[in-house]
């Protein structure tokens, strides 16, 4: 009997993103609030790698990762530019990022979970679209009933926005008030989040299929 080599599906290319028109999403988690190291999926191998230690006091306040079979390319960049009233905005060339809210103490990354999108944060990083979709863990006892970002506690959204505004900043740049490369254009709700996801999924299909 011949032996079949064992293989593991690539977290970016293997899982099915959605089976119900973006109401529920498969999410790959890279970072948890317990991590003092920034982990990142290696796009070539599909292995979770150390990107860099967290240099300063910033810790991601939520589960953070990516959406399988998404890519921030031309369609994503064009839409971000339209909504931001900016020209020449491009996609950042990465899978679409996702932040997952849960009251559970999940301390391990490199996992898949199901979450429902409730909105997103429109971010420009060096004039590239770098949106963060906000979602809630399915059946979560605290966040599970939230349907739209407008129902999310403001303090939670403030913490997430503060993290992404400052996690790349140095104390020197903050003290000297140097212009930030990262800009939060605004928040948007569930319906627009689903459109952002759909465009990123189309970008992925255009690139890989």
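Backbone N, Cα and C define each Cβ position, glycine as well.
The feature substrate binding site is assigned by Swiss-Prot to 38, 52, 64, 167, with sequence analysis given as support. Around residue 64 (substrate binding site), the C-beta neighbours below 8 angstroms that are at least 6 residues distant in the chain are 29, 30, 31, 32, 97, 98, 99, 100.
DSSP assigns residue 130 (Mg(2+) 1 binding site) to coil in the three-state reduction, outside any helix or strand. Other Cβ atoms within 10 Å of the Cβ of residue 130 (Mg(2+) 1 binding site) number 21 in total over all chains. For 92, 97, 130, the entry in Swiss-Prot reads Mg(2+) 1 binding site, with the evidence type sequence analysis.
If you look up Swiss-Prot, you'll see 97 marked as Mg(2+) 2 binding site, on the strength of sequence analysis.
Taking the mean position of the Cβ atoms of 38, 52, 64, 167 as the substrate site, the remaining same-chain residues with a Cβ inside 8 Å of that point are 31, 39, 40, 51, 54, 58, 60. For residue 38 (substrate binding site), the same-chain residues that are 6 or more apart in sequence and have a Cβ closer than 8 Å to its Cβ are 31, 50, 51, 52, 53, 54.
Cβ neighbour count for residue 92 (Mg(2+) 1 binding site): 23 (other Cβ atoms within 10 Å of its Cβ, all protein chains included). Other residues of the chain with a Cβ within 8 Å of the Cβ centroid of 92, 97, 130, the Mg(2+) 1 site, are 72, 94, 96, 123, 125, 128, 129, 131, 132. Across the structure, residue 92 (Mg(2+) 1 binding site) and residue 167 (substrate binding site) are spaced 17 Å apart at their Cα atoms. A sphere of 10 angstroms centred on the C-beta of residue 167 (substrate binding site) encloses 15 other C-beta atoms.
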